[in-house]
Amino acid sequence: MLVPIFTLKLNHKINPRMVAIGKYDGIHPCLTAATQAGKVFIHNPHTRGQRPTAHRLSQSTQDSDISLLNINQAVSCLTAGTLGPNTTGHTLLVGSQTNLLAYDVHDNTDIFYKEVTDGANAIVLGKLGDIQQPLAIIGGNCALQGFDFEGNDQFWTVTGDNVRSLVLCDFTADGKNELLVGSEDFDIRVFREDELVTEMAENETVTSLCHMHGSRFGYALANGTVGVYDRTARYWRIKSKNHAMSIHAFDLNADGVVELITGWSNGKIDARSDRTGEVIFKDNFSSSVAGVVEGDYRMDGQIQLICTSVEGEVRGYLPASKEMKGNLMDASVEQDLVRELSQRKQNLMLELRNYEENAKALPGVSEGESKMGVIPANTQLQTALSVRRATESQRAHIELNISTPNETIIRAVLIFAEGIFEGESHVVHPSAQNLSGCVRVPIIPPKDIPVDLHIKAFVGGKTSTQFHVFEITRQLPRFSMYDLNVDPSAAQPTGKVTFSINDRPQRVVMWLNQNFLLPEGIDSPDITFTALRGGGLLKINMQPSGEINLRTDDIDLAGDLVQSLATFLAIEDLQAEADFSVYFKELRATLTEVDEFHSVHQKLTAAMADHSNYIRNMLVQAEDARLMGDWRNMKKRYIELYDLNRDLINEYKIRSNNHNALIARLKSVNQAIQRAGRLRVGKPKTQVITACRDAIKNNNINALFKIMKAGTASS
């Protein structure tokens, strides 16, 4: 349990997920957070009366304990920690959509200020893999970038979508940190430096990640889901109607095992067991939680859990001592426990009464048997999956057929499946006149991921008032939305991927049967499908030499197929040649647009700088005229100033639109590099991503397309 030990009320509103604790002088912990006005405040109650020098840092007029760092643009992420090898104190790192600032708070100086074209949505500080020095790693527009103490770019790779959360932890238990990345395409990816180790698919944007212990980590999604993974195995998850604003690992009961602390959008703070997800502590703020951190804020040798709200309220908590724990089972916890036990007792009593009534009905009366839901002993729940093409009245879908083998009827079906149904569950409740022993449920997976369908069906007689619950789990294959029935008039795909494997065709057939919905008797890896989601053909062909050709116009599908097959066959390194002429043509046009937008951006920046200088001169002239009493010239200068300011605002709007368009094009380029990498596995994949980035930095577009096609620039 936690004991509240201090409360502060700061006169600054705090941005969610932008809170950190830093020891900037190496001794005193300071609460640091971003505000909505493009500033970062640093709360330091330990050195009162010390005034900051000039430069960026200034004293707050509202609170003598707070210093303000002027960023002059919207802060998107921040953290604090040890970055330099010879620094005594922590470094403050502040990210925006265009820049990364490393700041020495104690000396009030910039360490480095770097432009980051892909933006900084999330930031983490620490050691990664075999890289010796700590890195400030930022995640932005489908890209990850790491900087050392001098601002040198030491790490770069791409990921599937915009990054929303980052954390470092020893995921593979090899004594070195891996980088966990949560992104807007619902995936949690694990990188060993620039090599992708594994990925876990979720069903919403991954907004927060935190390391717990060992290979265990917590996560939060945009739909209110919070949970814990140990490597790729999910221990538990819960879903709330509120949003998780911040998660943190903290040992609140002093048992040596950390709990998952979650701050919610409704102001609630709760702590859950890392093993079960059971709530063992909770508290409430009057406004949304902004961040949860820890530190010895009272300088008494005890680490406190520090929670902040968006309105600037700060609370510190300590784990309760053994003597106090007995008194801390407060009334609300006891009431919750009594309520839960009463509910469990009521459910068990109801179940017992049903069993007793069924037992009374069994000796003789058939009508009673029917009404009490007694069913034949051979009753089973049978399921079948089949591919259904689009009709005039229904979209293309997978049909789940649920049936019983005798005269029993299915009264209702409840299906739990992540990422398919809204709310993750779907209920089918046929009307009384349509009851039968068969229920058909259309399923439309939004993307190619394997999904477990957890099915519960109420089964009984035709006149039953009580029903038996049958439970069964059926897996929907990853590539289920592909039909074997091919339209002869369909256009042949022009895109292709070619690679060689050292495996028998039967192993590829096994992979096909495991990942596609195929009829029995398929014994050849040469097969053609129609994609039900976007149309077009998918052709798979294997030569006796082991060469495999995948033909499709969807480069994402090709990458998914390569990764899935390599995982199934346990292939560590796989080189491939690819040609997606239509996609590459679009990419070439995008790269041309990037150059154009860069050129316009530079011209607009120069024009705005000229205007700004002109405005300063005009302002000086206007003030001179005012001091000299030359009202005519003063009025003339201020009219010109007004016109210039209006032009400057219009130019800013144009520059903003240009910047947003540039960011969208850069995202497409980063995704193209990611897609080219996914056509390979292991070292060839890493080499392709690195070579593609070098080609773009050197503005060698021809080399870029050679690399994407052949895997190397020299081929």
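Placed from the backbone N, Cα and C atoms, the Cβ positions cover glycine too.
Fair warning: this is a prediction, and the values are worked out from it, not measured in the lab.
Features as listed in TrEMBL:
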type	residues	note
DOMAIN	20-126	domain 'Ciliary BBSome complex subunit 2 N-terminal'
DOMAIN	165-272	domain 'Ciliary BBSome complex subunit 2 middle region'
DOMAIN	394-479	domain 'BBS2 GAE'
DOMAIN	484-569	domain 'BBS2 platform'
DOMAIN	584-678	domain 'BBS2 hairpin'
DOMAIN	683-709	domain 'BBS2 C-terminal helix bundle'
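Counting residues 6+ beyond its ends, the domain 'BBS2 C-terminal helix bundle' (683-709) has Cβ neighbours under 8 Å at 156-158, 194-196, 573-579, 584, 587-588, 591, 669, 672-674, 676-677, 715 in the same chain. When DSSP labels each residue, the domain 'BBS2 hairpin' (584-678) comes out as 92 helix, 0 strand, 3 coil, counted as helix, strand and coil in that order. Break the domain 'BBS2 GAE' (394-479) down by DSSP state and the numbers are 6 helix, 45 strand, 35 coil.
The domain 'BBS2 platform' (484-569) scores a mean pLDDT of 90 in the predicted structure.
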